[in-house]
Structure formats: structure tokens, C-alpha cells
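First up is the structure itself, then whatever we jot down about it.
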Amino acid sequence: MMASGGVSVASLWTEVNRSGQNGDYTRALKALTKILHENREDVTALHCKIVCLIQNGSFKEALNVMNTQTKVLGSEVVFEKAYCEYRLNRVESALKTIESATEQTDKLKELYGQVLYRLERYNECKAVYTDLIRNSQDEYEEERKTNLAAVLAAMSQWEKASKEDLGLPELTYELCYNAACALIGQGQLTEAYNKLQKAEELCRLSLADDSDVTEEDIESELAIIHSQMAYVMQLQGRTDEALQLYNQVIKLKPSDVGLLAVTANNIITINKDQNVFDSKKKVKLTNAEGVEYKLAKKQLQAIDFNKALLSMYTNQADQCRKLSSSLQTQNPGHPRPVLIQVAQLCREKQHSRAIELLQQFSDQHPESASGIKLTMAQLYLIQGHVTKACDVLRSIKEFKHKPGMVSALVTMYSHEEDIDGAIEVFKQAIEHYHSEQPGSAAHLALVREAANFKLKYGRKKEAISDLEQLWKQNKKDVHTLAQLISAYSLVDTDKAKSLSKHLPSADTMSFNVDVDELENSHGATYVRKKAAKVTGEILPKEQGEGDVRKKRKKKKGKLPKNYDPKSTPDPERWLPMRERSYYRGKKKGKKKEQIGKGTQGAMAGASAELDASKTASSPPTSPRPGSATGSSATVGSNVAPPRQQKPASSGASRKKAPQKKKKSGKGGW
């Protein structure tokens with residue numbers, strides 16, 4: 001049979017076969033087009049055309065051929081159709097195509113596992129890969145084990161599943177990397193970091209044999225490992241090291257948009273409300289095309305939350321409200337979008353509106369309202385409404401009887417001087433533990449704290465029942481017994497006396513304690529002074545005895561120069577001169593220096609200086625202007641007085657003569 005152009009169909013098939021073996025699928029497509037021109041319903045030619053289009057990455061065109069030739073092809077191309085849908089990110093459609101297949105071949109199962117992983121149905125995905133590894137033996141076993149390790153890591157990180165050991169070897173860096181991710185999910189950060197270092201080493205070894213691979217190629221391959229290392233550092237609080245490693249990954253510009261998005265997001269979380277200019281640049285990397293198909297839903301959700309928070313930190317209030325409202329629509333039961341809106345309202349000092357928003361969410365989603373109510377209580381406290389905050393906290397069922405919550409409520413009620421309210425909190429918590437965990441450490445601790453609180457505020461009658469309960473639990477607890485006797489002494493003296501019989505005797509209570517050592521210890525509030533030694537009892541040092549500390553000589557006090565031992569000292573010598581009885585004031589006649597008197601800037605003795613007759617006869621005591629600075633003026637030298645300048649007019653400005661700067665020691669001016 002001859003095709004158009006005078007070429008036989010057989011020769012065209014030969015061309016298709018040769019091109020397929022050489023990997024020249026474009027040339028094969030040309031030959032197939034000619035074959036299909038002769039017979040449009042040639043199933044083999046159609047199938048080959050679909051395969052060639054897939055090999056060339058033309059998934060849409062291949063899918064179009066399958067959809068237009070459904071009747072002819074039938075179930076021949078189920079795998080190819082599902083694969084095209086998977087590559088076009090139509091994952092739900094790919095799942096339906098696979099599930100509609102009459103026979104589940106191995107290659108369909110492989111694709112099924114990939115589809116389930118993308119849909120985050122990890123348990124089903126794990127079952128598929130486990131079955132494939134058990135029932136197949138070919139050169140793809142290592143890839144299947146790598147995929148299974150990735151599933152286990154995802155379950156550990158996103159579903160908080162317990163670590164499961166399936167005996168997967170860690171011979172390749174991919175397997176080692178996935179094992180490290182699983183450890184991160186379990187919170188074993190040190191072990192995870194060590195595993196990532198091992199993965200890095202294995203990666204370098206695997207690429208070192210290839211002479212065509214450059215150092216830049218190796219660094220690009222290691223980028224995902226380094227980014228995960230930085231994440232572990234960030235979780236460990238080593239933020240500076242993490243930031244440095246994250247920025248190294250960003251500079252490499254890896255082709256994986258998912259890796260870039262996660263790395264940029266983590267940098268933003270380190271920056272927080274600081275370095276927002278850098279964060280605004282990094283957030284652009286999270287918006288790259290195709291990111292949504294590379295990351296898990298929780299990763300995308302975290303990135304969106306951080307975008308909203310960044311807009312809040314950069315004072316873009318409208319954008320923050322828009323993003324947080326969109327997030328609330330997408331995640332109606334998630335409290336974080338509401339908390340972001342509330343944070344923005346608080347920045348705008350709209351606390352009442354913020355509380356209203358929290359109350360609305362709490363009413364609509366009571367199952368996830370615990371964090372919301374804690375925030376609501378905090379806002380009430382900011383406004384000074386302590387009782388309202390207590391009411392909100394007591395409405396949180398999950399935390400109602402936790403020791404921390406009881407402590408907070410008791411403190412707040414005490415602040416408001418509502419002792420009955422605080423005792424009621426203790427009562428409800430004790431009743432809860434009595435029914436759920438009687439005799440537990442938490443139960444007894446609450447009873448003891450309740451008793452101490454009641455004794456502190458003089459509620460001895462109410463404290464007695466708590467103290468009796470504690471004493472019955474431990475009859476050897478002398479401290480509790482003493483408290484109980486003290487409480488009964490004001491209520492029922494006979495009962496107090498009968499209980500006193502249970503106190504241990506004085507002999508049994510005595511301890512081998514050195515009282516002197518205890519009193520002179522570092523922690524003692526009062527230190528007893530040692531009795532002074534009598535001087536008469538000091539024996540003279542005999543020869544041969546050790547050195548004795550020399551006595552300190554007492555220095556004699558200094559006496560004034562004009563001291564007369566025969567005359568009696570002045571009894572008023574300690575009083576100031578003006579307060580003594582014989583003080584008569586200063587003698588008159590002497591000129592007093594007019595310090596601080598007269599016009600501003602006037603000085604004492606200024607009139608004398610202006611007297612020309614006096615200045616001519618009296619020599620200057622300091623060099624006059626114009627004289628040499630290095631030599632002193634000779635007494636009696638005839639030096640011309642400085643020339644007086646005319647006063648500057650009011651409009652003129654005074655200029656300072658420029659001074660030459662000294663040359664510094666470093667040679668600069």
C-alpha cells in the first residue's frame with residue numbers, strides 16, 4: 001500500500017521505529033501523520049502518536065487526540081490519559097481515570113501512588129507503594145523506596161503520625177533526606193540535622209564521579225538539603241546561622257519554585273516585623289507560577305498567613321483585611337485568619353470591635369474556640385475588665401481545670417478581692433480531679449494550694465476539710481498536721497488537743513544540727529555575735545608555739561598646731577561660726593566684692609581697671625595681647641595697650657577667624 005507522496009506505509013513504519021529508538025520523536029510524528037492520513041482509525045498509529053507527543057511534553061495535544069478518538073482507542077490508552085492529566089495538574093481527573101480502568105497494571109499503580117501523594121491521601125499511598133515493593137523486582141525498586149520514604153516523612157510532618165520503621169535502607173541521599181524529614185516531624189532535631197549532614201555527604205559522593213558535573217551543579221543539587229538544614233537551625237533557635245544558609249540557597253536561584261517559595265517564606269518568618277523591605281522582596285518568590293502544585297496544603301496555608309501578617313507589619317491595613325477575610329473564607333474553622341484581623345484592629349486601637357469579632361467566631365466554631373477565648377480574655381485585661389476576663393477563661397472547657405488556668409483565675413480573683421470566686425475555682429477543680437484522677441499528684445497539689453489560700457485569707461473553717469483530706473493521704477505529714485491543729489485551735493479546741501497527740505515527741509523531732517554553724521551560715525538573717533574575750537585571760541605566747549596574729553596598733557588622733565593642753569576646748573567648737581554666742585558679724589569698713597551685682601557681665605574691680613592712672617603704674621600680671629606666648633612679660637615693661645575696635649553695627653555679623661586643624665597621628669587632616 002502506498003501513502004501520499006509515493007512512499008509505502010511499511011517504510012513509514014520503519015521510519016517511526018528507527019526514530020523512536022533514536023529518541024527523535026518529532027521525526028516519528030511526521031511519519032505517523034502520513035500513516036494516519038491514509039487511515040485515521042489506525043489504533044497503533046494513534047497510540048504511537050500519543051506516546052510521541054507525551055515524550056515531547058505536548059500533554060494537552062496528546063490529551064486532545066485521546067478525547068477525540070475515544071471510541072477507536074477505548075481502554076488502550078488509560079495510562080497515557082491519566083498521565084497527561086497528572087502532568088497538567090488535573091489530579092482529580094487523573095484519579096477518576098485510573099479508578100475507571102478495567103485492569104490495574106503495575107505502571108497504573110505507580111501513577112496511582114503519585115496521584116494519591118499529590119492529593120495528600122498518605123495512608124492509601126503508603127499501602128500502594130508497600131504492595132509494589134513487595135510484588136515487583138526491577139531496576140525501579142530504589143525509586144519506589146524513595147517515594148515510600150517521602151510518604152512516611154509527609155505523614156510525620158503534616159499528620160503528626162508516629163514514626164514507622166519499614167526497614168528502608170539509607171544508601172542514597174534521597175532516602176537519607178526523607179528519613180531526616182521524618183525525624184523533624186517527630187521533633188528529633190539533633191538526629192535530623194546529623195542525618196541531613198549524611199545526606200549531603202552521600203550527594204557529593206554520588207556526583208563526584210561525573211566529570212561533567214560542576215561545583216555549581218553540585219551546590220544546586222544540595223540546595224534542598226541546605227534549606228532543610230537551615231529549617232532545623234531555625235527550630236533550634238540558631239536564627240543567624242539559618243538566615244545565612246537560607247540566603248545562600250536563594251542566591252543559587254534553583255529551578256524548583258517550591259523550594260524557593262519555602263525558603264523565602266522561612267526568611268520572612270525570621271524577619272518578622274523587622275527588615276520588612278527584605279521581606280517584601282522575598283514574598284515575590286512565593287507567588288511564582290506553579291508553586292501551588294509543588295507544595296502541601298499546609299505549606300501554602302502558612303505562606304498565605306505570613307503574607308497577611310507582612311501586610312499588617314508594613315501598615316497596609318486594607319490589604320491585611322482583604323487577605324485575612326479571603327483566608328477566613330477558605331478556612332472557615334481556622335482561628336488564625338480571625339486572629340490576624342483582631343491584631344490589625346488592635347493596632348488601630350479598636351479593642352471593642354476586636355472582642356466582638358472574637359465572640360462571633362467563638363459562637364460559630366466552638367470546637368476551635370479555645371485560642372480565640374484566650375485572646376479575648378487578654379483583650380479584656382488590657383481594657384481593665386478583670387471579671388469579664390475570668391468569665392471567658394472559665395468558659396474554656398479544655399483548660400478549665402488545668403493547674404495553670406486555676407492559678408491564673410485565683411490570682412485574678414484575688415486582685416479583684418473576690419475571695420469567694422477564687423475559692424469556687426479551687427472547689428470545682430478539686431471536684432473534677434476527685435472524680436477523674438483521685439489521689440493523683442495534681443489533685444493533692446490543688447487541695448494543698450486551696451488550703452493555703454483559705455488559711456491566708458482567714459477562712460480556717462473552710463480550710464479544715466482540705467487539710468484533713470491531705471493528712472489522711474499521708475499521716476506522716478507533720479507540716480499538714482500542724483496546719484490542721486492551728487486551724488482547729490480557733491474553731492474546736494478539743495479537736496485540736498486530740499490531734500496534738502499525733503504530733504511526734506520532742507526527741508524524735510530533734511535533728512543533729514549545729515546551731516552555731518546554722519546561725520553563722522550564709523543564709524542566716526541574724527548572725528549571733530561571738531562573746532568578747534577577756535583581756536586578762538590571754539596567756540603570753542610560749543616559745544615553740546605558732547605565730548599569733550599581731551595586734552593592730554591604735555593610731556593617735558591628730559591635734560591642731562595651736563593646741564594648748566592646759567586650756568579647755570571651746571564647747572561651741574562644733575557649731576558654725578555664725579551660730580556661736582560670741583559671733584558679732586564681720587567688721588565694717590572693708591570693701592566687699594560686689595559679686596553678682598551690677599549690670600550683666602560686670603566684674604569686681606572693673607572700675608579700677610578702667611582707671612588709666614592706676615593701670616599705668618601697676619604692671620600687668622599676665623601677658624597682654626600681642627606679646628609673645630612663649631615668654632612671660634617683664635615687670636615694668638612698657639607694653640602698648642591693645643588697640644580698641646569700634647563696636648560692630650547691629651546689622652553686621654561677627655565672623656570667627658578660621659583655625660588651622662591639627663594634623664592627626666594617622667596622617668589625615
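Glycine too: its Cβ is placed from the backbone N, Cα and C atoms.
Not measured: the values here are computed from a predicted model.
What TrEMBL annotates here:
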- 539-548: compositional bias 'Basic and acidic residues' (COMPBIAS)
- 549-559: compositional bias 'Basic residues' (COMPBIAS)
- 561-582: compositional bias 'Basic and acidic residues' (COMPBIAS)
- 613-637: compositional bias 'Low complexity' (COMPBIAS)
- 653-669: compositional bias 'Basic residues' (COMPBIAS)
- 528-585: domain 'Signal recognition particle SRP72 subunit RNA-binding' (DOMAIN)
- 538-669: region 'Disordered' (REGION)
- 223-256: repeat 'TPR' (REPEAT)
**Prompt:** With DSSP, how much of the compositional bias 'Basic and acidic residues' (561-582) is helix, how much strand and how much coil, in residues?
**Reply:** 3 helix, 0 strand, 19 coil
**Asked** What average pLDDT is reported by the model for the domain 'Signal recognition particle SRP72 subunit RNA-binding' (528-585)?
**Response** 69
**Request:** Grab the same-chain neighbours of the repeat 'TPR' (223-256) for me: Cβ-Cβ under 8 Å, and only residues 6 or more beyond its ends, written as numbers and ranges.
**Result:** 173, 177, 180-181, 184, 189, 192-193, 196-197, 199-200, 203, 216, 262-264, 266-267, 269-270, 282, 285, 294
**Item:** Composition by DSSP (helix, strand, coil) of residues within the repeat 'TPR' (223-256)
**Value:** 27 helix, 0 strand, 7 coil
